[in-house]
Amino acid sequence: QQRYLNAKRYVKLAIVADRSMVTKHNGKLKKLRKWIYRIVNTINEVYRSLNILVALVYLEIWSKEDLINVTSAAKDTLASFGNWRATDLLKRRSHDAAHLLTNIKFDGTTVGKAYVASMCQQDSSVGINQDHSKINLLVALTMAHELGHNLGMSHDVVNTEKQCNCGTCVMAPTISDQISKLFSNCSKNDYENFLTLYKPQCILNEPSKTDIVSPPVCGNELLEVGEECDCGSPETCQNPCCDAATCKLTSGSQCAKGLCCDQCKFSKSGTECRAAKDDCDIAESCTGQSADCPTDDLQRNGKPCQNNAGYCYNGKCPIMLNQCISFYGSNATVAPDICFNYNLKGEGNFYCRKEQATIFPCAQKDKKCGRLFCVLGPTGKRISCKNTYSEDDPNYGMVDLGTKCEDGKVCNSNRECVDVNTAY
């Protein structure tokens, strides 16, 4: 748990500057870009104390017209920006969070707004920020504050039960000229709770050099184009393989970090660098030619797993018993065959396939690839065939793809029970 909490995190940030920002900078896009690069450099500095690096991986400037309606109503603007990000931006460019920078003044004293504990979520990992000051640092601290909300942090309130021992930290409820670059204990606790509760996966992945669109800065701990390594400032760098002042490897070093870097040299070929997580995963070993561990590889689809209870499918071992337990708890088991006969009817929620409004009943041989049936506890003479469904998600409560439906057979994407050797 402590190792999970202490791991370095990387927020891959996309920033969108709207039309009002272009007007504010008199159409000088180079000047506007510089302004934004400075903002991101400051945000990265602020977050390094939490072992988080913030990298700008995408910058979009709406120089002709805004792609959403940016208004003084912050709540509405945030909602439309979140929707646009999910339906448009994410399809074009991979990133962890997107923030809008605008010169439109929001209602009241609001200078920014973001969804709380939303990092890595498709529709809510967003924030909006008003470019409210001539002082770059103050705008940067506003965006750092809104990003803090995405990472699960609430405002620092100074009251008796929640003494945050900081009136001017990043998550202070209102911005002031006294604001500091520090996080309060409350913010640190909020962030750790967010990591524990939500387990956001996307921020564990380090951006590659070529993903970062801002000019390289030696000493910001991010490995960028033109750098061989970056271990922070010469004062703080602890890495003997890297020359902090130049971001070049020290004499005789092959590497400065990586799962396959051992004392500044590439690990020997064959050294295991990532253990197999389970029987549908494969262990990876170093090549001897690189500091990086090869890409995480999975067992082939159809390989038997969990003592032949199932077959591997995309790195998982889907079996009906585990699906029942996930729906109904630990005393659930798979229902007897008689329950699965409901899937032969093709009525209501009992079927193998549904295309638009047309329902296709299961053939006898495919009945265990339709709706999943479970029972709770020991069954007497009367069997209660438990099943579940959702109006929003047609696959919810169905037997998972790749699940073993008979010996040597699995459910394919058409929900047919087919030979495991020809299914994939």
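Cβ coordinates are placed from backbone N, Cα and C, and glycine is handled just like the others.
Contacts of Gln1 (pyrrolidone carboxylic acid) defined by a Cβ separation under 8 A and a same-chain sequence distance of 6+ are given as Thr196, in order along the sequence. Look at Swiss-Prot and you will find Gln1 tagged as pyrrolidone carboxylic acid.
What Swiss-Prot lists as domain 'Peptidase M12B' is 9-207.
Annotation comment: Swiss-Prot describes Cys120-Cys202 (among others) as disulfide bond, evidence class similarity to another entry. All protein chains considered, the CB of Cys202 (disulfide bond) has 17 other CB atoms within 10 Å. Classification of Cys202 (disulfide bond) by DSSP places it within a helix.
DSSP gives Glu146 (active site) a helix state. Glu146 (active site) has a Cβ environment of 22 other Cβ atoms inside 10 Å. Annotated active site per Swiss-Prot: Glu146, in sequence order.
The disulfide bond annotation in Swiss-Prot covers Cys164-Cys186 (among others) and is backed by similarity to another entry. Taking Cβ-Cβ distances under 8 Å and a sequence gap of 6 or more within the same chain, the neighbours of Cys164 (disulfide bond) are Asp156, Val157, Val158, Ser184, Asn185, Cys186, Ser187.
Taking Cβ-Cβ distances under 8 Å and a sequence separation of 6 or more, the neighbours of Cys166 (disulfide bond) in its chain are Asp156, Ala172, Ser180, Leu182, Ser184, Asn185, Cys186. The disulfide bond feature in Swiss-Prot is assigned to Cys166-Cys169 (among others).
Summarising the annotation, Swiss-Prot assigns disulfide bond to Cys218-Cys247 (among others). Under the three-state DSSP scheme, Cys247 (disulfide bond) falls in the coil class. For Cys247 (disulfide bond), other Cβ atoms within 10 Å of its Cβ number 22.
Counting every protein chain shown, the number of other Cβ atoms lying within 10 Å of the Cβ of Cys229 (disulfide bond) is 24. Taken from Swiss-Prot, the feature disulfide bond covers Cys229-Cys242 (among others).
Cβ contacts within 10 Å of Cys237 (disulfide bond), excluding its own Cβ and spanning all protein chains shown: 19. Taken residue by residue with DSSP, Cys237 (disulfide bond) is part of neither helix nor strand, so it is coil. Taken from Swiss-Prot, the feature disulfide bond applies to Cys231-Cys237 (among others).
Here Swiss-Prot flags Cys255-Cys261 (among others) as disulfide bond, drawing on similarity to another entry. In the three-state DSSP scheme, Cys261 (disulfide bond) falls into the strand class.
Among the features that Swiss-Prot reports, disulfide bond is placed at Cys273-Cys293 (among others). The Cβ of Cys293 (disulfide bond) lies under 8 Å from the Cβ of Gly258, Leu259, Cys260, Cys273, Arg274, Glu284, Cys286, each on the same chain and at least six residues away in sequence. Cys293 (disulfide bond) carries neither a helix nor a strand DSSP state and counts as coil.
DSSP classifies Cys374 (disulfide bond) as strand under the three-state reduction. Sequence-distant contacts (6 or more apart, same chain, Cβ under 8 Å) of Cys374 (disulfide bond) comprise Gln323, Cys324, Phe327, Tyr328, Ala332, Thr333, Val334, Ala335, Lys386, Asn387. The annotation disulfide bond is assigned in Swiss-Prot to Cys324-Cys374 (among others) on the grounds of similarity to another entry.
DSSP classifies Cys385 (disulfide bond) as coil under the three-state reduction. Around the Cβ of Cys385 (disulfide bond), a 10 Å sphere holds 17 further Cβ atoms from the protein chains shown. Swiss-Prot lists Cys339-Cys385 (among others) with the feature disulfide bond.
DSSP gives Cys369 (disulfide bond) a helix state. Annotated disulfide bond per Swiss-Prot: Cys369-Cys411 (among others), in sequence order, evidence recorded as similarity to another entry.
In the three-state DSSP reading, Cys405 (disulfide bond) counts as strand. Residues annotated as disulfide bond in Swiss-Prot, with similarity to another entry given as evidence: Cys405-Cys417 (among others).
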Cβ packing number for Cys186 (disulfide bond), 10 Å threshold: 21
Disulfide-bonded residues clustered about Cys242 (disulfide bond) [Cα within 10 Å; pool: Cys202, Cys231, Cys255, Cys369, Cys405]: Cys231, Cys255
Site of maximum Cβ density within 10 Å, from disulfide-bonded residues Cys273, Cys324: Cys324
Distance from Cys417 (disulfide bond) back to Cys369 (disulfide bond), taken between C-alpha atoms, in Å: 6
